[in-house]
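These features come from TrEMBL:
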- 1-53: region 'Disordered' (REGION)
- 18-34: compositional bias 'Low complexity' (COMPBIAS)
- 52-132: domain 'Blue (type 1) copper' (DOMAIN)
- HIS81, CYS117, HIS120, MET125: Cu cation binding site (BINDING)
Amino acid sequence: MDDTDADGSVSRRGFLRTAAGTAAVAGASGTAAAQEDSEGSGGGSAKTVKVGPGGSLSFEPAELTIAPGTPVKFSWESDGHNVHPDDGDWGHQPIEDKGFSFTTSPFQETGEHSYVCDPHESAGMTGTIIVQEGGGSSGSSEPAIPGFAKQLGVAASTFLLSTLGLAYFFMRYGGDFEGSAE
């Protein structure tokens, strides 16, 4: 079966088949890019909290929900921070720099465990670990797709749609806009 008409132009079916194939490939690649590595749902595998990601005065995630028996790994991404729990001793409080990390003992008791960065508490650098049965999700409701991936997807979709629109325009009205010589 040929996708061109007798005069060499692309047929409507050929165009639609190509457009559908392109959309399917774009959709499949977007789905693959959005997949996230998961670390399990608790009960042994440590969940990670980033300390000062990107130089910010925050913990990421600020609220983490885990199942009982799950340890938490704190990973420093900028200098001059510490992790000080409100309700006990997790085994580490000195101020550390980028590249340092430590893992708590597994949390066994259900409930909320709050912590702060002492030098930056006044700037709101606080966090909470919620231990509950069936836990294992971060408290964040944000999508797991990074911002640059969203921007790239929007730009690619816009480019694809404008290209398809231009192709449709040329197929519908032809590419010869010179006045007819009568």
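Cβ coordinates come from backbone N, Cα and C, glycine included.
Note that the structure is predicted; figures quoted are calculated from it, not measured.
Sequence features annotated in TrEMBL and their locations in the structure.
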residue : record                 : CB count, 10 Å
HIS81   : Cu cation binding site : 23
CYS117  : Cu cation binding site : 22
HIS120  : Cu cation binding site : 17
MET125  : Cu cation binding site : 22
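Secondary structure of the domain 'Blue (type 1) copper' (52-132), assigned with DSSP and counted as helix (H, G, I), strand (E, B) and coil, comes to 9 helix, 32 strand, 40 coil. Within 8 Å of the centroid of the Cβ atoms of HIS81, CYS117, HIS120, MET125, where the record puts Cu cation, the same chain has further Cβ atoms from VAL51, GLY52, LEU57, SER58, PHE59, GLY80, ASN82, VAL116, ASP118, PRO119, GLU121, ALA123.
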